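J.: Okay, these came from Swiss-Prot:
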TRANSMEM  10-30  transmembrane segment
TRANSMEM  54-74  transmembrane segment
TRANSMEM  99-119  transmembrane segment
TRANSMEM  120-140  transmembrane segment
TRANSMEM  149-169  transmembrane segment
TRANSMEM  186-206  transmembrane segment
TRANSMEM  223-243  transmembrane segment
TRANSMEM  258-278  transmembrane segment
TRANSMEM  300-320  transmembrane segment
TRANSMEM  322-342  transmembrane segment
TRANSMEM  343-363  transmembrane segment
TRANSMEM  371-391  transmembrane segment
């Protein structure tokens, strides 16, 4: 017979598995549709019209029209495509289900149109809203927070293709003063995360790791080098933190989301022309291209880092529906490669992983998630002790500093961007 504790843990197991599978399937469907639309906009249409895919006019035109289209969705859809991601954390309160169709359409348009944001925030919002709405009907005794935790864990597992990130994040979130052991509370979220990760793995494998020269033995000088790299990445990220609320306030003075996002798309188009096609989209596939291109110089990597960071700020400030983690990882990779090219004596594995750690820490203010992203992009067990040590001064630098988020104006309704 099972102990009462075990029976308690098993109560939410089936709902957790169902939520994890559903979270992954929603992500997969959205990404497949966005990929098909991206192929149409950036491959088939230019080829049919006899226009080069990297033509400045095409890049500016597509991104401007993408902004206008997203603005129309936000302006006229019920619920105005959910909350403005610039004003929300990654895991937020559930939104009304009526806002979800507009949010999904706005996300797909942004992903396909080349906007420098990832899918993580909108997908998280959709999955949490559906889990809370459906769960409250089927199992009304389970509170909203439980459904929120299960949906966010399933989504994290689906996004990263592994339950490890969910385990790290929720180990700090659920570690309260309760007498219930931590792993009892982690059981159902990890079931959801594992189900989400395994379902994603059936259709595609998220490819984060980069082909970077293997790092051998850690030396004391490497710790100092890594700390300096992380500090540089944090400094770059804090410039974006300073710019975001100011640009957001400036853009939203226009009140009309169609105008705001149209102008935002036009600016993103100009940045895309300067940075080239590799600086567009969410950044995961593009960072693979960046590493594979041996022709890039120090100045090229610097330009890509600056352009991508600027595009991230503009996209978030304009109200595009998307997340900031994936493009931030691209910025970290570009910064790391730039610093390695500038000082070849410091291994690329150190510069890239520590730059990712620093910039993701600025964006998320989550130490575990930052360590996870650095470790999966540069998968090397020898780096783990170094990254843990480098995290300490990085965390000190950011203690008490503002987050990369905009304070919501008091007069703005919770899910209205007009």
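Even glycines carry a Cβ here, placed using N, Cα and C.
Mind running through what each feature is packed against?
T.: Residues 2, 104, 107-108, 111, 119, 123, 126-127, 130-131, 135, 138-139, 142, 146-147, 150-151, 153-155, 157-159, 187-189, 191-197, 199-200, 203-204 of the same chain lie 6+ residues outside the transmembrane segment (10-30) yet bring a C-beta within less than 8 angstroms of a C-beta in it.
Counting only same-chain residues 6+ beyond the ends of the transmembrane segment (99-119), those with a CB under 8 A from a CB of the stretch are 27, 30-31, 33-35, 37-38, 40-42, 59, 62-63, 65-67, 69-70, 73-74, 77-82, 85, 125-126, 129-130, 159, 265, 268, 272, 279-284, 308, 311-312, 314-316, 320-327, 415.
For the transmembrane segment (149-169), the list of distant contacts is 12, 15-16, 19-24, 27-28, 90-91, 119-120, 123-124, 127-128, 130-132, 186, 188-190, 192-197, 199-201, 205-206, 208, 366, 368-369, 371-372, 376: same-chain residues at least six beyond its ends, Cβ to Cβ under 8 Å.
Same-chain residues lying 6+ beyond the ends of the transmembrane segment (343-363) with a Cβ under 8 Å from its Cβ atoms: 210, 212-215, 222, 225-227, 229-234, 236-238, 240-241, 324-325, 328-329, 331-333, 335-337, 369-371, 373-375, 377-378, 380, 383, 386-387, 390-391, 394-395, 398, 404.
Sequence-remote contacts of a segment are chain residues at least 6 beyond its ends whose Cβ falls under 8 Å from one of its Cβ atoms, and for the transmembrane segment (371-391) they are 160, 162, 164-165, 168, 208-210, 212, 214-218, 222-223, 226-227, 230, 325, 329, 332-333, 349-350, 352-354, 356-357, 360-361.
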J.: Within this structure, do the transmembrane segment (54-74) and the transmembrane segment (258-278) have 3 or more Cβ pairs under 8 angstroms, counting pairs 6 or more apart in sequence?
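T.: The transmembrane segment (54-74) and the transmembrane segment (258-278): touching, yes.
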J.: For the transmembrane segment (54-74), give me same-chain residues lying six or more residues beyond its boundaries with a C-beta closer than 8 angstroms to one of its C-beta atoms, as numbers and ranges.
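T.: Same-chain residues near the transmembrane segment (54-74) but 6 or more away: 41-42, 46, 80-81, 102, 105-106, 109-110, 112-115, 256-266, 268-270, 272-273, 276-277, 280, 318-321, 417-418.
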